[in-house]
Amino acid sequence: FKGVPSPVKEPEKTHMVIFRENSEDIYAGIEFEAESEKAKKLIKILQEDFGVKKIRFPETSGIGVKPVSREGTQRLVRKAIQYAIDNDKPSVTIVHKGNIMKFTEGGFRDWAYDLAAKEFGAELIDGGPWMKFKNPKT
């Protein structure tokens, strides 16, 4: 932003395009208000049927569900990589929290890397997590 100090020495040389999933994950809007009957019911199911013990304040917590699908991930990653190829961008960075959220974010990570390898010929660098691929236009 003009006039705002930046920790980057030459921010005007930074060119970034962001592709973000906004139809899945928390953006699906599946959530239940704190202290509502639906939240209480879901918390009870999570605790009693699934053994969940990590809800710090279950009596006063709102609850959300974050669905992440293989299809949604592949659609997003395919578009991002194809955009980079079509617009001569030097790299694509896939951001996730797969080390913390192993089955949603971890699924996103695994499906993204798998698609990059299968559809764009990406290869792991030094065993990962970095990958590289050759831009077919260059």
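Positions of Cβ are set from backbone N, Cα and C atoms, glycine also.
TrEMBL has this to say about the protein:
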BINDING   Arg20  D-threo-isocitrate binding site
DOMAIN    1-138  domain 'Isopropylmalate dehydrogenase-like'
MOD_RES   Lys9  N6-acetyllysine
SITE      Tyr27  site 'Critical for catalysis'
SITE      Lys97  site 'Critical for catalysis'
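This view paints the features noted in TrEMBL onto the structure.
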{"residue": "Lys9", "record": "N6-acetyllysine", "DSSP class": "coil"}
{"residue": "Arg20", "record": "D-threo-isocitrate binding site", "DSSP class": "coil"}
{"residue": "Tyr27", "record": "site 'Critical for catalysis'", "DSSP class": "helix"}
{"residue": "Lys97", "record": "site 'Critical for catalysis'", "DSSP class": "coil"}
Name the residues of the same chain, 6+ apart in sequence, whose Cβ is under 8 Å from the Cβ of Tyr27 (site 'Critical for catalysis')?
Glu21
DSSP-wise, what's the residue breakdown of the domain 'Isopropylmalate dehydrogenase-like' (1-138) into helix, strand and coil?
57 helix, 10 strand, 71 coil
Spatial separation of the residue listed as 'D-threo-isocitrate binding site' from Lys97 (site 'Critical for catalysis') - C-alpha basis, Å
14
Using a 10 Å radius around its CB, how many other CB atoms surround Lys9 (N6-acetyllysine)?
6
Which Cβ among the recorded positions (Arg20, Lys97) has the fewest C-beta neighbours inside 10 Å?
Arg20
Cα of Arg20 (D-threo-isocitrate binding site) to Cα of the residue listed as 'N6-acetyllysine', in Å and rounded, measures 26
